[in-house]
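As annotated by Swiss-Prot, N-linked glycosylation site applies to Asn24, Asn71, Asn75, Asn84, Asn159, Asn164, Asn249. Per Swiss-Prot, phosphothreonine is recorded for Thr291, and the stated evidence type is similarity to another entry. For 285-293, the entry in Swiss-Prot reads motif 'Box 1 motif'. For 1-22, the entry in Swiss-Prot reads signal peptide, with the evidence type sequence analysis. Residues or ranges marked as topological domain 'Cytoplasmic' in Swiss-Prot: 284-373. Taken from Swiss-Prot, the feature transmembrane segment applies to 262-283, supported by sequence analysis.
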Amino acid sequence: MLKPPLPLRSLLFLQLSLLGVGLNSTVPMPNGNEDITPDFFLTATPSETLSVSSLPLPEVQCFVFNVEYMNCTWNSSSEPRPTNLTLHYWYKNSNDDKVQECGHYLFSREVTAGCWLQKEEIHLYETFVVQLRDPREPRRQSTQKLKLQNLVIPWAPENLTLHNLSESQLELSWSNRHLDHCLEHVVQYRSDWDRSWTEQSVDHRNSFSLPSVDGQKFYTFRVRSRYNPLCGSAQRWSEWSHPIHWGSNTSKENPLFASEAVLIPLGSMGLIISLICVYYWLERSIPRIPTLKNLEDLVTEYHGNFSAWSGVSKGLAESLQPDYSEWLCHVSEIPPKGGAPGEGPGGSPCSQHSPYWAPPCYTLKPETGALIP
């Protein structure tokens, strides 16, 4: 059997070796917690086979509460398995730039979910660097840089007080703890006649004046605060203060709303009752139109009584009957040649049809033809 030339044979071995590298690449065994999956196979590898070190760590959120303490928290439930992550922090470009681990962890379901830092550990105007680590995967960590002056949340205003400046003018005042010169405020108020709040911004002051109030209304006021641009660029407002009230609370409801609440049901009931009365009046005053198929009932069942058959009410039928009596009177003429007027069988020229009175009878006078009583 002939053997292929040496150059062609070496070329075939070279192609096979290249294919073997693409299909069966050998990866050295890791010494520590290295990922054993090559980078070009990550997209084709199912998510179940990914190592924990390839998963990102949750984001850390820090808030400074009234520059008294700071909480840095993260979502511990985002981990594939319960993991006690550790938090380390330091301040960039400062004298206190050494890395420190959190000394007071916050827990959620017995797993670390945050860190509490006291006032002495807070440097408000220095860059705060926070690093979250997985103790079981040293290479798995995330670092964030934060400006703490933009993360301050003040306490809600306290000691709200109202003063009467005049008969129709009120002044609202309040106090804050420790941060009066760095706060801006929002005042909301409404009366018991209003459905929504009226909002007014107040800068660098702890008071607000309302120039026109109605003593017959019941007013409610509340205030909240925020770290203003002079000291930071915080976006989070404090909680609302406890409300304070002023005015007459005898009328708890708007009179307009109260009258509507009473008049609308009464008007509806009156309309329904009126419609029922009209319906029964029409039933009694307007007879029903009989149908042709029931004409035989007029003879068989009602014996010719049209009123009963047609549905005319008894009162209406009686109202159509006359309330007087009429008498019939026969008028006769005298014979032309002195004849005696004809008398009836009873000897009277008139037929009396009533036992109470007899109507007058008239005869013709021969000369004039006029009626003579």
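Yeah, the Cβs are placed from backbone N, Cα and C, and that goes for glycine too.
The model shown is predicted, which means the values in this text are computed figures rather than measured ones.
Distribution of Swiss-Prot features across the structure.
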| residue | record | contacts (Cβ under 8 Å, 6+ apart) |
| --- | --- | --- |
| Asn71 | N-linked glycosylation site | Cys62, Phe63, Phe65, Leu106, Gly114, Cys115, Trp116, Leu117 |
| Asn75 | N-linked glycosylation site | Pro58, Glu59, Ala113 |
| Asn84 | N-linked glycosylation site | Val111, Thr112, Pro135 |
| Asn159 | N-linked glycosylation site | Trp174, Ser175 |
| Asn164 | N-linked glycosylation site | Leu170 |
What does DSSP assign Asn84 (N-linked glycosylation site), in three states?
coil
Determine the mean pLDDT over the topological domain 'Cytoplasmic' (284-373), rounding to the nearest whole number.
59
Which of the three DSSP-derived classes (helix, strand, coil) applies to Asn164 (N-linked glycosylation site)?
strand
